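What TrEMBL says about this protein:
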COMPBIAS  289-299  compositional bias 'Low complexity'
COMPBIAS  317-327  compositional bias 'Basic and acidic residues'
COMPBIAS  328-338  compositional bias 'Basic residues'
REGION    285-338  region 'Disordered'
TRANSMEM  43-60  transmembrane segment
TRANSMEM  72-91  transmembrane segment
TRANSMEM  136-155  transmembrane segment
TRANSMEM  167-185  transmembrane segment
TRANSMEM  191-213  transmembrane segment
TRANSMEM  225-248  transmembrane segment
TRANSMEM  254-275  transmembrane segment
Amino acid sequence: VSVHPGPAMEIVTHLINDTIEFYKWTLTIADKRVEKWPLMDNPLPTLAISSSYLLFLWLGPKYMKNREPFQLRKTLIVYNFSMVFLNFFIFKEVNYSMPLFLPSLFMAARAARYSYICQRVDYSDDPNEVRVAGALWWYFISKGIEYLDTVFFILRKKFSQVTFLHVYHHCSMFTLWWIGIKWVAGGQSFFGAHMNALIHVLMYLYYGLASCGPKIQKYLWWKKYLTIIQMIQFHVTIGHTALSLYVNCDFPHWMHYSLICYAITFIILFGNFYYQTYRRQQPMRRDASSSSKATKALSNGSLNGLSKANGAALTGSKEEKPQENSGRRKRKGRAKRD
């Protein structure tokens, strides 16, 4: 008795075959300059790295559950400052002619006379164009290295830092930039990478200084401005991409539309992070400082991320005053003395 596949199985089979044929067709229009570069022959190595990253997100906390957190101070200092230099060299100039030796996006794009409004991809072997492609490849590699951010968080048992925003940002950037390098390693692609590399210089500089200990950390009051700069970056990306569409730039339009949608997701996620971290806590902290009950003040201080020292000082002031007087007059008198 012969068994014929049902309609559903036939649909699935057709979808799989069509997907394979479509992928084969896309390879015919891929950038031939990068196909022999590491990780660029096919997407499997990149997908394997990203899958391993997601697997570690699940297994890492289980492994660390009953273990003491690793003290990685020196490792973090070396790692963060290495990322500063990597992103700086991607952004700026390195005087080596080899296309894969950390070429500068800024200098290579300037040498190729790139336009910041509209720049089509030049797939030729022009040295400046290959230099731009090499810089973008290094930018892609840097996104894979940044997976270590999450690894260090988990090994230090900083599980609260591994948020959806953190994972979404890291995993999507590395995976999607493989597509960018494979098909559009140049042209309009340089703008976002160029801007983001500079921002990551500032970001990893902050992390590197923070890793140096409390003596340096007290000067790092500018952390929230990094988030603001990142949100500005996404707005600039949308504006730049919309302008390219408006002038009908000779660059894949589907990538333009995808980039706009991608940037919007980051604006929403980073905006929520900024509100929850820096805006929402301010009125809650004021409420905690003005509370008349010591236990409530201590509880609010804990919930809002205030230090125990601050909570103790606040509690002490509330415990001593009621022994002398109580009521509205006492509060007014104290306000005058303050």
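If you go along the chain as it appears here, the first residue is 1 and each next one adds 1.
Even glycines carry a Cβ here, placed using N, Cα and C.
Here the listed stretches are 43-60, 72-91, 225-248, and the one with the most C-beta pairs under 8 angstroms to the transmembrane segment (191-213) is 72-91. Beyond the ends of the transmembrane segment (43-60), by six or more residues, the same chain brings 144, 147, 150-151, 154-155, 162, 167, 170-171, 174-175, 178, 182 to within a C-beta distance below 8 angstroms of the stretch.
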